[in-house]
Structure formats: structure tokens, C-alpha cells
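Summarising the annotation, TrEMBL assigns domain 'Phosphatase 2A Regulatory Subunit A helical' to 95-276. Annotation source TrEMBL lists repeat 'HEAT' at 172-210, 211-249, 250-288, 289-326, 332-370, 371-409, 410-448, 501-539, 540-569.
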Amino acid sequence: ASGAQGPALVEGVGLGASGKENTFPRLRPLRLRRHRLCGLSGWGFLAASGCSTRVLREEVTQHTIYDEDEVLLALAEQLGNFTMLVGGPEYVHCLLPPLESLATVEETVVRDKAVESLRKISHEHSPVDLEVHFEPLVKRLASGDWFTSRTSACGLFSVCYPRVSSTVKAEIRQHFRTLCSDDTPMVRRAAASKLGEFAKVLELEYVKSDIISLFTALASDEQDSVRLLAVEAGVSIATLLPQEDLETLVMPTLRQAAEDKSWRVRYMVADKFSDLQKAVGPEITKNDLVPAFQNLLKDCEAEVRAAAANKVKEFCENLPEDSRETIIMTHILPCVKELVSDTNQHVKSALASVIMGLSTILGKDNTVEHLLPLFLAQLKDECPEVRLNIISNLDCVNEVIGIRQLSQSLLPAIVELAEDAKWRVRLAIIEYMPLLAGQLGVEFFDEKLNSLCMAWLVDHGSILKIAHDNNIVHIHYRDISHYRIPALSEVCGQEITTKHMLPVVFKMSNDQVANVRFNVAKSLQKIGPVLDSNCLQTEVKPVLEKLASDQDMDVKYFAQEAISVLSLA
């Protein structure tokens, strides 16, 4: 009976039992097919109606044969959630053939999603099913004729290795070694990207005997895109090895990477430097990483210097405590001083985002003597991003030396940023203003910055981007008032709200624009709790009652809602 119901139910959602004529037609709108796949609508009915696993597999396989990449992507994603639809973990291996097919297609995002789903359902296989069904799939992909299947295989070794027998483990290691020396660079890249992940599931003896040699080979590959991925793998491998093995097995290769002829490889070393520092420990950091970090800060390529500059604070924080200050003052600070006047604005901006953090590491005396001049120089930098990054981290300096020593240089920098031609720069300094107010104190803020904040209230920068005539600008300003007044009322309290804000709101209740009028009702609802009962009854209620009889339906609705919430009915 269930078999008889199946096609009818499936037919209703656009899926047939087996033939192409009843499946999603190729000419069916792409968005509809993708939507049904993502929503599991057709597949759910197919399984719920009692159709066999074979029928489900045929339906899925036909999609993998001829469908669009966008539909294949949705299919690859959803198959990872199909375990219960095919009968539970006992039958999850039935999902492997369509996913294997998807893992070999030309489109990278489809392959990656198929691999992700395969990794997900691998955990739902029993150890026996893993060896009988999943591991052979990995072998087929690893030995496929097309590079697409071999790249997909690289992402599957680590999920099946821990749960198979010793004999199968040996075969998996051999397949991975083969892919690491594949003739196709794309395959070697895929293998390099998964080397660290694979190393984490291997026994330590095989990490030393197999993985280290693969790491060394990939780090010396003729393609820099392979070598840079080997750097990240090296960091992962370093965390697995005993301290006594790091110097001989890993560090020679990483030193080579830090001096690689390709700036992209050196960039990757700089980007992963803090992770590497934690992995190798304090002794190797002092002996090897400090000189390497100096070289990266002085690199001939701006991208490498910027990546290294971004790690200055983190690197200094992780230095051994007994020699931290000496290393920073002797080796790191001279490089930092050079970067403050670097010719590339991205390098200076990266440094400015972290340099203030050095003050908490070096203490008050060193900050005043050595860092303060650098902060002041960056506050006068021609690049607005540099000045913004310094201002955004003022709290670090305030904790150590107080903000007053910077205040005289801060004010000109803030004013220049507030008047910058780029509206995004002006917006950024506005967002930092609460921080500045807290750091500089009420007196300084009222004296120097209050007028600046008032000027921002009439800044046309963002409004003019959406306004095409003066009328729209004025409407926008009136709309903004409704969003700001409720927020201000909470801070200013009852007296100021009643005396100064309510008249503004009441005046706008007569506005010709309906949007402004219904925002009046919404504002009165929000500020009502701040007002006393007499004011609500004598002033607010009449205005809301008037709006409740407005010709505009939205104005009526929000006015009636405000009356109800404030209990003025």
C-alpha cells in the first residue's frame, strides 16, 4: 500500500518515482528546484511515502547527472541530513554513491559541500560499515583519473582513519603520501591544506616517520600556493611533537619558510606567527622566533610587514615573562619605531591598531619615554585610518599613564577626523565619541568636544546619499528626531523631557507627512513611562486621541496602540 501511495505523493511535490519525466524537469525554474531541495520537501515525501532506498538513490543520482551547479550545491548540502530519511544509521551507506558523484564534479563549491556532507555522515557509520563502504569510497576518490576526485579525497582521510583496523590505516597513510606527491598542483594544495588535520589523528610514531617527511616536501614544493599551506600544517604538527623533537624535525623547515622567496609564503608565516610561538615554547621563541619576527617586520613587501605589525602586541604578550621587557626594548621596539613612519598606509594602520596595547606590557615609565612619542606621531599621521585606530584604543594608555598627556594632541586629531571629506571617517569618530567622553572626562568633553557633537547632528553626509531634494532631507531630519527623543528621555529624566522634548514631539503631530505623525505616536508610547500621570492625562492623551482619528490607517493603528499601552483609554 505504501508503495502505491509513493508516486502519487511524490508527484504532488514535483518528484516522480524513477523516470526522468517525473523528476524535476531540466526546464523547471532553477529557484524552485533549489528551494525544494533545500526544504527537503520532495525528498521528505519520497521517504515518508514508503519508497525504497533504491528509488531515492535513483532520484538523487539523476540530479547529479544533469542538473545545474546551484541545484547540485543544495543537493550536496542536504544529503548530509538524510540519515533518517534512508532508514537511519544502518542504511546511511546508501547516501555514499550520490555524494561520491558530487565529490567529483568540476565546480569547487559543490565538491567542498559534498565532502562536508561525507565527513558528517562518516560519524554515523559503524566501524564495520566504515571499512566495508566508506573507506573503499575514499580509496576510489584518491585513485581517480580526474584531479577533482583526488582533491576531494584529501578531506576524508582524517575522519575514517581513527576507526579502522591497522591494516586499513596503513593503506590510508600510503594513499595520503601518494596525493602529497601528485603531479597536479591542485591535489598537492588540497593535501597540504589537510596535512595538519591528518597529523592530529595519527599515532605519534607515524607523525615522526611519515608526516614530517611530507611536511618537508610540501614546504619545498615548486608552487608557492602549496608551500604557504604547508606553513599552517607545520604549526599544527609542532603542537603534536615533544619539545625535544621540535628543533630537529620542524624548525629547519619553518626557518626556511620565514625566508621564502615568495612574499605569500612569508605573509602566511607572519599571519600564523602567534600560533607558532605558542606551539614551540619559550626557548625556541627566544632563540629562533625573535630574529625571524624582526625580519618579517622589516620585510621588503608591505603585505608581509602589515601582517607582522598586526601581531606585535600578541607576540610581545606571549614572550617569556623573565625576558619579555628586554626582548621588546632591544629587538622589537626599534622595528616598531621604523614602522610608525612606514611608506605604506596599510602597514601604519595595522600597527596603530595594536601599538597602544604595548603600554600595558611595558609599564608607565617605558610608555612615557618610548611609546608616547610614537602615539603622538600617529595621531598626526596623514592617513585617517591610522588616527582612528589610535583613538579607538585609548583605554589601554589611560590605564597606564592617564589620558591627559595625550589630550593636547588628541583634540586636533579628533577635529580633523570630524571634518574629514569621507563620511565614513566622520561616522567612525562619532562611534568612538562615547569612549572618548569616558576617557577624557566631563570637563574636557564639555569644553572641547560638546560643540563638535552638536555640529554632527546636522551633518548632511549620509542623508544626502538618499535624498534627492530638500523636502526629503527635512522629512528625514524629522524622522530622526523620533528615534532620538525616546533614547534621550531615559537619560535626561522627567523634568527635561516634559519641558524641552514634549513640545517638539507635539509640534510634529500636525505634520503633513503620515510617517512623521505615526512616529509621534510611537515616540509618545516610549517616553510615556518617564512622564507623570498628570502630564499623560492633560497633554499626551489629547494628542494621541487626535491621532487615533487620523485619516491614515498606520497613524490610527500606532496611536491606538500607544493609548492602550499607556492605559489612557
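Keep in mind that glycine also has a Cβ here, set from the backbone N, Cα and C atoms.
A Cβ distance under 8 Å defines the sequence-distant neighbours of the repeat 'HEAT' (289-326), meaning residues of its chain 6+ beyond its ends; these are 255, 258-259, 263, 266-267, 269-271, 273-274, 276-278, 280, 282, 332, 335-336, 338-339, 342-344, 346-347, 349-351, 353-355, 357-358, 361-362, 366. Beyond its flanks by at least six residues, the repeat 'HEAT' (250-288) meets 212, 215-216, 219-220, 224-225, 227-232, 234-235, 237-239, 241, 243, 295-296, 299-301, 303-304, 307-308, 311, 314-315, 318-320, 323, 327 of its own chain at Cβ-Cβ distances under 8 Å. Here the repeat 'HEAT' (172-210) is broken down by DSSP into helix, strand and coil counts: 33 helix, 0 strand, 6 coil.
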